[in-house]
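Worksheet: the structure to be examined is printed underneath.
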Amino acid sequence: VQPKSKKTLAKSGVKNIVVVEGVRTPFLQSGTSYADLMPHDLARAALQGLLNRTSVPRDVVDYIVYGTVIQEVKTSNVAREAALGAGFSDKTPAHTVTMACISSNQAMTTGVGLIAAGQCDVVVAGGVEFMSDVPIRHSRKMRKTMLTLNRAKTLGQKLSLISRIRPDYFAPELPAVAEFSTSETMGHSADRLAAAFGISRLEQDEYALRSHTLAKKAQDAGLLLDVVPFKVPGKDTVTKDNGIRPSSIEQMGKLKPAFVKPFGTVTAANSSFLTDGASAVLLMSEEKALAMGYKPKAYLRDFVYVSQDPKDQLLLGPTYATPKVLEKAGLTMADIDVFEFHEAFAGQILANLKAMDSDWFAQNYMGRKSKVGAPPLDKFNNWGGSLSLGHPFGATGCRLVITAAHRLQKEGGQYGLVAACAAGGQGHAMIVELYPQ
C-alpha cells in the first residue's frame, strides 16, 4: 500500500498552535458520585489532572478560558474559581465562555486566537457542566416582590408587600433543554429531524448500541487515556465513565418515546444522557512547547463556526461546517483519517450523515454544487461518543479534540476532523493534525 502523500497545512507567517496534552474527569451520569459537588470542583479536578500529567509550571500559563452552559450563580466565572482552587497564580487571568454544546470548542479556539495574535504563548482551555444541581428560580412575580421587600423601609410597607403574595407566586421556574426562540426541546427537534430524513427507530437504536459497544471496548482496552482519576471528597476515587452500558436491541426496543408521544423514535436509549464532567487541554505555540521540552500531540489547524435556522435545522451544524472547514484547509473527505463528531442523539448523527451524502440537500439548502459525502463509519467515533461516554455540555469539545489526537497516534493517521452541533442552530468543525512522531 502506497502511503498517502502528505498535504501541509502550515500557513506562512502564522504561528503553529499545538495541543500538548488534554485530560478530563470521568464523565458520570448526573445524580451519581458527583452529586454533592459544585461545578468548580470538577473544573478544578480537570486542571489539577492536567498539571499533574504535564508538570507545566503554574506561572508559565498566560491565560485560562473555560466553557460552561448552565451557570452556577455563585461561581459565574467558573474558570477563575477553578483556577484559584487548582493553585494557579492569582496573576493569571481567566474567563468563561458559553456557546451551548460547543462551549469548550469556543474556549479552545479563543485560546488559539490569543496565541496566534501573539498575546499569549501558553493557554489552558477547558469546559465543565454539572447537571446534578442546576439553578431553579422563583417565579418572576416572587422575585420582584422579594427585591421590593428588600428596599421597604417600614414594617407597614413590608407587611403590605407580603400580603400581596399569592399561591401562584410559589411556582418555581425550572430550567429546560429548550430553545428560547422556538420553545421547543432539543429532543423534540431530534425527533422531527429523524422523521424528516426517514430514519427509523431501529436504525437509531442500532447506532446507539454501536456507540456503547465501541466505548466499552475502548474503555476495557485502556484507550481512553484522557480520563484522570478523581477522589470525590467523602467518597471513593472515581476512575472511569459510568454511563457506558451496551444493551441489546430487544431491551432498547422496549423503551417508550421520550419526547413525541406515542409515535416518536427518540428514546432515553438513543439519546445522550445528563452528565457531570470537566475537561482541560494545554495549548501552546509550537516554539514554546519545544523550548520547554514538550512533545506535542497534535496541531490545531483550521476551524469554522456556522449557524442555521434554530427550528428546522437545529442539529445540522456538522453538515454545514464540514465542507467549509475542508475547503478552508484545502483538504477533501478522503484526506481525513479520523472523524470525531458529537453525538447528541442517534437520530441527529444519522440525519447529518444522510444530509452530508445528499446532492439535493447540498444544492437546495447549502447553495453548493454537490455533496461533501458522509464519513465512512470505520473511521467514525471508533472509541464511542457522547451517547455512551456522556455529554457534559460545556466539556465535550475538548474530549473530541483530544480523542481525535489519541486516535491519530494509535491508528497512524495524519488528519482528524472534529464536528459538533449546538443549541441555537449553531455548529463547529476543526481540523486536527497529528504532530510528527
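Cβ atoms here come from the backbone N, Cα and C positions, even for glycine.
All annotation found in TrEMBL is predicted automatically rather than curated by experts.
Confidence over the domain 'Thiolase N-terminal' (17-287), given as mean pLDDT on the 0 to 100 scale, stands at 96. According to TrEMBL, the domain 'Thiolase N-terminal' annotation covers 17-287.
Taken from TrEMBL, the feature active site, acyl-thioester intermediate covers C101.
Sequence annotations record features per position, and here TrEMBL assigns domain 'Thiolase C-terminal' to 294-433.
Long-range Cβ neighbours of H391 (active site, proton acceptor) (same chain, at least 6 residues apart, Cβ-Cβ under 8 Å): F27, C101, S272, F273, T275, H342, E343, A344. Positions annotated as active site, proton acceptor by TrEMBL: H391 (among others).
Per TrEMBL, active site, proton acceptor is recorded for C421 (among others). The Cβ of C421 (active site, proton acceptor) has C101, L314, L315, L316, G317, P318, H342, A344, Q348, N352, G427 as same-chain neighbours under 8 Å, each 6 or more residues away in sequence.
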Using a 10 Å cut-off, grab the number of neighbouring Cβ atoms around the Cβ of C101 (active site, acyl-thioester intermediate), all chains included.
32
Going by DSSP assignments with H, G and I as helix and E and B as strand, what are the residue counts for the domain 'Thiolase C-terminal' (294-433)?
60 helix, 35 strand, 45 coil
